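Chemist: Annotation source Swiss-Prot lists active site, proton donor at HIS38. Annotation source Swiss-Prot lists ATP binding site at 31-38, 149-152, VAL178, 186-189. Residues annotated as (R)-pantoate binding site in Swiss-Prot, with sequence analysis given as evidence: GLN62, GLN155. The beta-alanine binding site annotation in Swiss-Prot covers GLN62. Here Swiss-Prot flags 1-279 as region 'Pantoate--beta-alanine ligase'. The annotation region 'Cytidylate kinase' is assigned in Swiss-Prot to 280-515 on the grounds of sequence analysis.
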Amino acid sequence: MKVVETVARLEAFRRARAPVAGVEMGLVMTMGALHEGHRSLIARARRENTVLVVSIFVNPTQFGSSEDLSRYPRPLEADLELCRHEGVDLVFAPPESELYPLGSGTKVVPDPALTEVMCGLSRPGHFSGVATVVAKVMNLVQPVRAYFGQKDAQQVAVIKSVCCDLNIGGRIVVCPTVHDPDGLALSSRNVYLSSAQRSTALALPRALDKAAHLWAGGERQASELERAVRSVLASEPGLEIEYVAAVDPERLAPRQDNAGPVLVAAAVRVGSTRLIDNVVLGQHHERRPIIAIDGPAGAGKSTLARRLAQRLGFLYIDTGAMYRAVTWRAMQERIDPLDGERLSALTRAVRIRLAPGYQSAFPTRVWVDGEEVTRAVRDEAVSLHVSAVSSHPGVRSELVAQQRRIGEAGGVILDGRDIGTHVFSRAELKIYLTASVEERALRRADDLKAKGLPVPDIEVLKEQIRSRDNQDMSRAYAPLRKADDAIEVNTDTFTVQDTLDRLLALYRDKVGGSV
């Protein structure tokens, strides 16, 4: 992971990657003091981009005169360690003079309709400061995607508007708010709360839950939703209400005829700590399909799954890389591939991160406990042991749980041995790819050669493939088999493009999706 403090070094990093085909850069902007909410943003950005930049900058222009800039926490070393562990490629942590070399000078002034309501009432100038720094960093990084949290709903609306009005490229991806188990939204400011104050602050999520309950019961009047939230908050001694609003999520204005979704948001103070949270009600997201591709090793699953994901705009989850990551770690710790108990414990403890690659020989980047092991997990020794390691129920159950968490929202493609039969048995489209042993051996030889690795005799490769097939099909837990509702596609005599065209046709016919 690189850490840079200057604009010149950041631009050099970006320019070095710009000419590389397939590079998609993601950006997560933060003010540091990173917590699990930030981690969730970074983790999603890591999955969806080939290169990930995180900025850490306590932006002085978004602090008001009554807000203590010097008091804001700055645990930089801990923040860098979290970024390193999550597989971040570059952290941009500039001093104030680097982003504001001539002082605060030029400013971006967003639409007052978005900034003179809600948080803007008590924080004049705040959103101009936010818009200015976002415009600066977005222009410097030029990301394909930039990730922001739903907790800062007004900030998200402002950023979307500014990026649209100023033609700043990159898609704004809004990620769900992360809450602690007690219900309080994660915030860097939570550290200021005493135990008693935290208990008081829990009235905020309770109040929003009340609004959600009323909505579920048919209430659509914004005034009634606001009244219910205020009632819960007002009943909590020691809590000061700053505002409660029920507005259009994009325009932050009253809804017309009570139609469409509503953003119910509130800001409160507990002691000297200001807290915000919100909930969007009535926003329907139609889940995109899940596509499961199963089959034996060497049938072309990974290549086709990646290309299909690119064509459809889906997220590709490289399940094989996850099992290889566990196998690599087990080999590092000299764990016997037959020791299911130790392997299961290892899988629960190890932290795996995946990202799209930008080299044809290594199309998935892999991190294990913060260390990039993209090449190491493709080593022949790992290939020989991965089937044995993945056969243990404890290993599979943990990785399957992770895969389900990533894919449950839909719009994903997974390939493996048991995706359609076990991981996502209700996937909307299931494909079973197969090919002869002879064809798969030839493909394996070509793959090894492309990676600059030793190529065994073709008969040795055939025997290895037969052995792997036998292991996969005879394991006790979730063995390789064709799902009853899967469509079998033999790839022996077809090019990758021919097979891809057939899969796209199946997607149109079976799911009704557009390509």
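Even glycines carry a Cβ here, placed using N, Cα and C.
These figures come from a predicted structure and were not determined experimentally.
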Chemist: Compare the C-alpha of SER188 (ATP binding site) with the C-alpha of each of the recorded positions HIS38, GLN62, GLN155, and give the closest one.
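Modeler: Comparing Cα positions, the candidate nearest SER188 (ATP binding site) turns out to be HIS38.
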Chemist: Taking only the Cα atoms, work out how far VAL178 (ATP binding site) lies from the residue listed as 'active site, proton donor', in Å, as a whole number.
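Modeler: About 9 Å separate the Cα atoms of these two residues.
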Chemist: Around GLN62 ((R)-pantoate binding site), how many other C-beta atoms are within 10 angstroms of its C-beta?
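Modeler: If we count other Cβ atoms within 10 Å of GLN62 ((R)-pantoate binding site), we arrive at 21.
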Chemist: What Cα-Cα separation, expressed in whole Å, is found between GLN150 (ATP binding site) and the residue listed as 'active site, proton donor'?
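Modeler: Rounded to a whole number, the Cα-Cα distance is 12 Å.
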Chemist: How many whole Å apart are the CA atoms of GLN62 ((R)-pantoate binding site) and LEU34 (ATP binding site)?
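Modeler: That comes out at 18 Å between the alpha carbons.
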Chemist: To the nearest Å, how far is the Cα of HIS38 (active site, proton donor) from the Cα of GLN155 ((R)-pantoate binding site)?
Modeler: 16
Chemist: Determine the most Cβ-crowded residue among the binding-site residues MET31, LEU34, VAL178, using a 10 Å radius around each Cβ and all protein chains in the structure.
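Modeler: The residue with the densest Cβ neighbourhood is LEU34.
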Chemist: Inside 10 Å of the Cβ of GLN155 ((R)-pantoate binding site), count up the other Cβ atoms and send me the figure.
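Modeler: Around the Cβ of GLN155 ((R)-pantoate binding site), 20 other Cβ atoms lie within 10 Å.
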